[in-house]
Amino acid sequence: MTKSFTKYHGLGNDFILIDNRHQLQPILTPEQAIELCDRNFGIGADGVIFALPGVKQTDYTMRIFNSDGSEPEMCGNGIRCLAKFIAELENNNKTKYNIHTGAGIIVPELQGDGQVTVDMGQPRLLASEIPTTLANADDKVVDQLLEVGGKSWFVTCVSMGNPHCITFVEDVTAIDLAKIGPKFEHNPVFPERTNTEFIQVISPKYVKMRVWERGAGATLACGTGACASVVAGVLTQNNERLVTVELPGGCLEIEWSTIDQKIYMTGPAEKVFTGIIA
């Protein structure tokens, strides 16, 4: 049976989008996702995203398989791509969707300029919510020392429905992601592994970020990581609440609202091509 797909990217973080509206389970297996994500022998992508029927009064359900076959709770760049994909499938004037994810209900909204703004919900700061065994007396991890790769790093941990470990550095270009990234990801203090963000503060309103994603490795962008990093920057007094985050693939605008304490992410999602899986 052939299956159609559409490839999208959000700042170079690329995904294979599958119309899965006819059933509640993904029509592809994690093993098939690994094959499709292979950049030499497959389509090439950081993950496969499925648009499934909504549950609990939501419009849609989002499932995603990473390029290694693992399933994350959510993906910030991916949900912007999913919103654009859904809008194309429905072909109507609707611009806002309630999407059920493993991280809870996420609400993306298409903007008139082609950008997508996503209500990412409130960040979670308790060590048990991340999860991590690294915690201060208040059960939070803020600017705490962690030994990784024979070096001491000051880290702050934030969950955006998926785990993030953020560390501030003088120069993000000096970080050997391929070497240090896996050591953070698989550190035993993170029982479910972790995404890791390395942040260079240019000003209180502008930071540079490189990321090692759990299950995907070094990517050009990570939406949830950008959100978590701004939260970490506020907690450590490194940046303000409205920040431009520069990633290798481009920039995201992140706001941690003082009104509802939610994180709002704004960025692009671009269609690349469509095709058929034989």
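Numbers here mean position along the shown chain, with the first residue as 1.
Heads up, the Cβ atoms here are built off N, Cα and C, so glycines get one too.
Given the structure is predicted, the values throughout are model-derived calculations rather than measurements.
Positions annotated as active site, proton donor by Swiss-Prot: C75. Annotation comment: Swiss-Prot describes C222 as active site, proton acceptor, evidence class sequence analysis. Taken from Swiss-Prot, the feature substrate binding site covers N13, N66, G76, N77, N162, N195, E213, R214, G223, T224.
The separation of C75 (active site, proton donor) from G223 (substrate binding site), Cα to Cα, is 7 Å. Here the active-site residues are C75, C222; the one with the fewest Cβ atoms within 10 Å of its Cβ is C75. Just so you know, of the binding-site residues N13, N162, the Cβ with the fewest other Cβ atoms around it within 10 Å is the one at N162. On its own chain, E213 (substrate binding site) has D46, N66, N195, T219, C222, G225 as residues at least 6 apart in sequence with a Cβ closer than 8 Å to its own Cβ. Close to the recorded substrate site, the chain also has P72, M74, C75, G78, V211, A216, T219, C222, G225: residues not among N13, N66, G76, N77, N162, N195, E213, R214, G223, T224 whose Cβ is within 8 Å of the site's Cβ mean position.
In the shown protein chains, 29 other C-beta atoms lie within 10 A of the C-beta of G223 (substrate binding site).
Taking all protein chains in view, 29 other C-beta atoms sit within 10 angstroms of the C-beta of G76 (substrate binding site).
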